[in-house]
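According to TrEMBL, the feature signal peptide maps to A:1-25. According to TrEMBL, the transmembrane segment annotation covers A:58-77, A:98-115, A:121-140, A:152-170, A:182-202.
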């Protein structure tokens, strides 16, 4: 495993730890989109269906279990925890899941490496992951104050796929791996969606101002 | 020749 891949996984893990800290210690999910969190559950469930069938490494299996478990528990807290659920900005989190799920599923049926259940679900999970942040970004744009934890969470979540892009470049040129258009292009789109957020995040950090996205 | 595709990523 190269350093970019590890950096990607660690920023992904750190983003989840930050979000869980906000939820468990601060008892708040203010500014967090339940829609996006539910999409991540779908992403992990459809991508890791091979968990019980194929073994890659101890690291790989543990990380998959962690991503599945944490994403499900985040959704549970936001929906059912009696204190946390009251901090959820329900009225502004209005992005409809189906507008992302349906096109991604149709695209996965049409463009995939092999027309098998596992392969189509895996492809679907990559397409869906690329756009799953959209409800979260819409929610941030509608929020007046974005607290530091939420801003850092979204930043780390975006940085994770950017590191994966570097990892894919490294694997292609240095480790001589094959071309993998589906994850590469999905990952590129996923990172590009964050471009605007990255710009305002870095700007607010440089000017030591509170993060605010223009409407 | 290039290495075969492995889904060892997350």
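Cβ atoms here come from the backbone N, Cα and C positions, even for glycine.
Worth saying up front: this structure is predicted, and the values here are computed from it rather than measured.
Non-local neighbours of the transmembrane segment (A:182-202) in the same chain are 111-113, 123, 126-127, 129-131, 133-134, 137, 140, 151, 154-155, 158, 161-162, 164-165, 168, 211-214; each lies 6+ residues outside the stretch with a CB under 8 Å from one of its CB atoms. When Cβ-Cβ distances below 8 Å are used as the criterion, the transmembrane segment (A:98-115) is approached by residues 39, 42, 121, 123-124, 127-128, 131-132, 134-135, 182 of the same chain, each at least six residues removed from its ends.
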